[in-house]
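Student: The region 'Disordered' annotation in Swiss-Prot covers 1-20. Among the features that Swiss-Prot reports, ATP binding site is placed at Gly39, Ile40, Gly41, Lys42, Ser43, Thr44, Lys68, Asn209, Arg210, with the record citing sequence analysis. Residues or ranges marked as Mg(2+) binding site in Swiss-Prot (evidence: sequence analysis): Ser43. Residues or ranges marked as [4Fe-4S] cluster binding site by Swiss-Prot: Cys124, Cys158.
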Amino acid sequence: MTTTLSRPTDGEGSVQVQQDPSMKIEEGALVIAVYGKGGIGKSTTSSNLSAAFSKLGKRVLQIGCDPKHDSTFTLTHSMVPTVIDILEEVDFHSEELRPDDFVFTGYNGVKCVESGGPPAGTGCGGYVTGQTVKLLKEHHLLEDTDVVIFDVLGDVVCGGFAAPLQHANYCLIVTANDFDSIFAMNRIVQAIQAKAKNYKVRLGGVIANRSADTDQIDKFNERTGLRTMAHFKDVDAIRRSRLKKCTIFEMDDDDDAVKAVKNEYLRLAQNMLDNVEPLEAVSLKDREIFDLLGFD
């Protein structure tokens, strides 16, 4: 006798991480989850976008959701302790913690938190993200925040690391103009489609990064219903800002390329504040992407 396995709907099965209703982030805050292929520049993009929102006068909180805990170091100019490390120090008695123990103020007042994660091969990163949001709410740290940015590791869209999508209004996908990045982006679109059935998250658009051109991204956008919200070329000043452990907004204004990058981040931030029209994008099958991308 054969057994037919059916794909569970979102929220069914042990691999899914469900949001406690009490952990919902207050209405009014703009919550953005940033995803993309590993190494594509999500942390750089997230930190510079956080800085841009702060330049527009917004109160910003950035939450790094990667065990590497390197999301916010260009904002804080240091590698800050993670929530999971700090909780371990007090034997997970969160009531013993003060906000200053796990929230660090970075460039232009941006608040920074690194959730961290369990050791490799153990635990669930989504659980850690959930505990981070819980801790922030217990200390009423989300009530006076205008913008929350979740910077999520790699392109992992399992139940755990899809957890930030349960809190977000919009997902922004960082991609380059190449096959691997766009292939990963398609998987993220699939995750958004699944989460959007039960949560408020919607696709906000694409951020083209480290790419002189966007012809392949444009092809994918046209087929799926996505749009490019910002385009950052491979500017060496961005690489140097990481080495200097600072945001692009702290780099020399005399460089026209730096000015252009700053203006593009400010434009992106303002567009996100102006109530971006959510996208109803439709993902492609793997074979369709293979046939779509490339040159004739």
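Backbone N, Cα and C atoms are what each Cβ position is placed from, and that goes for glycine too.
Since we're looking at a predicted model, the values are computed, not measured.
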Student: Can you tell which of Gly39, Gly41 has the most other C-beta atoms within 10 Å, given these are the binding-site residues?
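Tutor: The residue with the densest Cβ neighbourhood is Gly41.
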Student: Here the binding-site residues are Lys68, Arg210; which one has the lowest number of other Cβ atoms no more than 10 Å from its Cβ?
Tutor: Lys68
Student: Determine, from DSSP, whether Ser43 (ATP binding site) sits in helix, strand or coil.
Tutor: helix
Student: Would you give the longest CA-CA distance, in whole angstrom, between residues of Gly39, Ile40, Gly41, Lys42, Ser43, Thr44, Lys68, Asn209, Arg210, the set recorded as binding ATP?
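Tutor: The two farthest binding residues have Cα atoms 22 Å apart.
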Student: According to DSSP, which kind of secondary structure is Lys68 (ATP binding site) found in, if we only use helix, strand and coil?
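Tutor: DSSP assigns Lys68 (ATP binding site) to coil.
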Student: Counting only residues 6+ away in sequence within the same chain, which have a CB under 8 Å from the CB of Ser43 (ATP binding site)?
Tutor: Gly64, Asp66, Asp70, Ser71, Thr72, Thr74, Asp151
